[in-house]
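Engineer: So TrEMBL has the following annotated:
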TRANSMEM  7-25  transmembrane segment
DOMAIN    42-171  domain 'Peptidase S54 rhomboid'
TRANSMEM  45-65  transmembrane segment
TRANSMEM  77-98  transmembrane segment
TRANSMEM  104-123  transmembrane segment
TRANSMEM  135-168  transmembrane segment
Amino acid sequence: MVTYILICINCLIYLFVGQNFNTIFGLNAGFAQNFIFSFQPLTSMFLHGSLSHLIMNMVVLFQFGSILERNLGHFRFLLIYILGGIATSFLTLIYVYYMLYFNAQVVTVVGASGAICVLLGVLSFLTDKETRKGLVIALLLMSFAPLFFGVNIAWYAHLLGFAIGYIYAKMSFK
């Protein structure tokens, strides 16, 4: 149920907002020093750069979110998604802010993939070794394959989210 609600929220925001507010509500290191924009770690999780970006994220959220929500319960699933996504956003912001000094390019990061990768990290801990291996391969493919086609992708948010989810699960589900 929460998975479906998250999918609906993401789709409705894209439908009504599109990409018009990505710079303000997306994760942007240029605004990091201004606490007025402290909502970005949360709001960036519900914005997407294109329709294909939204569709890909929502398909993966549906596929894996449904499984985890059934196993974890609605409330715990939602907490992991939101808090894990925010934690991923903060670490991503640190990375983007740090990289800003090397290439002086301001990047705005949007999308649910960081939070979704938190879920994948949790799921990988809770499954058997073969499934875990498959999830890691899928993570690497979705993080790096688009780069070969010139698609800008926040691969670091994927890896950070997965690590956060895995570490959280390891500490919580002993």
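Here the Cβ of each residue, glycine as well, is placed from N, Cα and C on the backbone.
Annotations in TrEMBL come from automatic prediction, not curation.
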Engineer: Across the domain 'Peptidase S54 rhomboid' (42-171), what does the pLDDT come to on average, as a whole number?
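Structural biologist: A mean pLDDT of 93 is what the model gives the domain 'Peptidase S54 rhomboid' (42-171).
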Engineer: Give the one range among 7-25, 77-98, 104-123 whose Cβ atoms make the most pairs under 8 Å with those of the transmembrane segment (45-65).
Structural biologist: 104-123
Engineer: Using DSSP, tally how many residues of the domain 'Peptidase S54 rhomboid' (42-171) sit in helix, strand and coil.
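Structural biologist: Within the domain 'Peptidase S54 rhomboid' (42-171) the tally stands at 109 helix, 2 strand, 19 coil.
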